[in-house]
């Protein structure tokens with residue numbers, strides 16, 4: 001943990017300019033021979049910090065001497081320190097803050113600065129693509145830069161890792177590894193649903209960490225009380241800290257679009273911004289994909305994209321009608337055999353009858369990501385080869401829907 005000099009240094013920086021705390025996340029801080037050392041591999045961060053320091057009188061930071069170094073050939077963290085699953089592209093500094101996500105941002109920054117404190121656990125929830133993962137990763141990068149052991153995992157990866165350790169007779173190793181970290185970031189908690197053994201293991205790890213004031217941060221697409229097939233005792237733990245919703249308002253979406261255009265060195269034209277606003281949802285990953293499309297193909301990409309979306313919606317509507325269902329049924333969470341089969345057929349036909357990507361199909365059907373769509377398409381492809389009745393239905397739908405696109 002931070003020494004006295006480091007804590008004093010951070011406190012003084014905050015008093016001078018609070019925004020400097022986000023710049024500080026790009027540095028690894030250490031105290032050596034009475035000096036504060038800031039180390040990073042990011043030259044732009046070094047330049048910005050050096051510019052800031054040049055504007056201060058030495059007395060502003062008391063007796064703290066700063067040594068800015070660009071890291072070359074650094075040996076890396078000590079062998080007993082764990083840092084896993086983090087991506088350096090996520091920081092508090094490049095998170096676009098607005099009305100719908102301000103509280104989530106401020107609480108996340110507070111957790112990063114004071115892990116294991118008042119907001120433990122922190123549970124972020126909201127629709128897909130609104131920045132939950134960004135904030136989890138930003139917390140992780142901030143804490144890792146201060147020498148903490150940090151692990152980021154999706155609930156699915158956590159479960160699969162546990163199963164592999166059980167098969168290998170190494171479950172004790174699995175438990176000890178997670179108990180040894182200072183900060184655990186678990187994403188997509190909704191995928192713990194129905195996995196009782198995984199829930200049991202996570203519950204025990206959670207309790208171990210919490211009792212030792214180690215920080216736990218969780219993210220989900222829904223409030224803890226709305227999690228299905230998750231034990232009451234886990235839900236109770238999730239609600240025991242602070243639960244914060246994250247959303248995206250129009251002004252913040254506009255700012256995100258402008259920022260993404262600037263990041264790709266594209267001119268921020270009002271016409272392009274307006275097209276992006278109209279042709280994308282609130283999903284930040286969708287916005288990023290659309291901006292990359294503009295980079296590659298220009299504004300025509302957005303017009304083509306709008307036409308594709310219309311075709312996809314027509315396919316889904318025809319499939320729902322054929323099976324006596326509503327479009328909302330195919331876009332919902334029902335796992336009934338009848339609805340799930342129709343949903344997979346819609347995925348298959350969307351892929352076959354349009355030039356849309358798996359991600360675009362996932363978006364129209366309200367699926368979390370393209371892997372769900374790929375699984376559904378492969379399932380129908382396999383069944384079509386051996387099921388004559390299904391082959392007949394698909395042939396009819398291909399002809400019927402294709403003539404109307």
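Any Cβ shown, glycine's included, is placed from N, Cα and C.
Worth saying up front: this structure is predicted, and the values here are computed from it rather than measured.
What TrEMBL says about this protein:
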type	residues	note
REGION	1-77	region 'Domain I, interacts with DnaA modulators'
DOMAIN	118-250	domain 'AAA+ ATPase'
BINDING	129, 131, 132, 133	ATP binding site
COILED	251-278	coiled coil
REGION	299-405	region 'Domain IV, binds dsDNA'
DOMAIN	311-380	domain 'Chromosomal replication initiator DnaA C-terminal'
Packing count at residue 129 (ATP binding site) (other Cβ atoms within 10 Å of its Cβ): 22
Neighbourhood of residue 132 (ATP binding site) by C-beta distance under 8 A, where only residues 6 or more apart in the same chain count: 104, 124, 125, 126, 187, 219, 220, 246
Same-chain residues at least 6 apart in sequence whose Cβ lies under 8 Å from residue 131 (ATP binding site): 95, 101, 104, 246, 248, 284
Helix, strand and coil residues within the region 'Domain IV, binds dsDNA' (299-405) as assigned by DSSP: 84 helix, 0 strand, 23 coil
Distant-in-sequence Cβ neighbours of residue 133 (ATP binding site), under 8 Å, six or more positions away: 90, 187, 219
Assigned conformation of residue 132 (ATP binding site) - DSSP reduced to three states: helix
Listed in sequence order, residues not in 129, 131, 132, 133 with Cβ within 8 Å of the centre of the ATP site Cβ atoms: 126, 128, 130, 134, 135, 219, 246, 284, 285
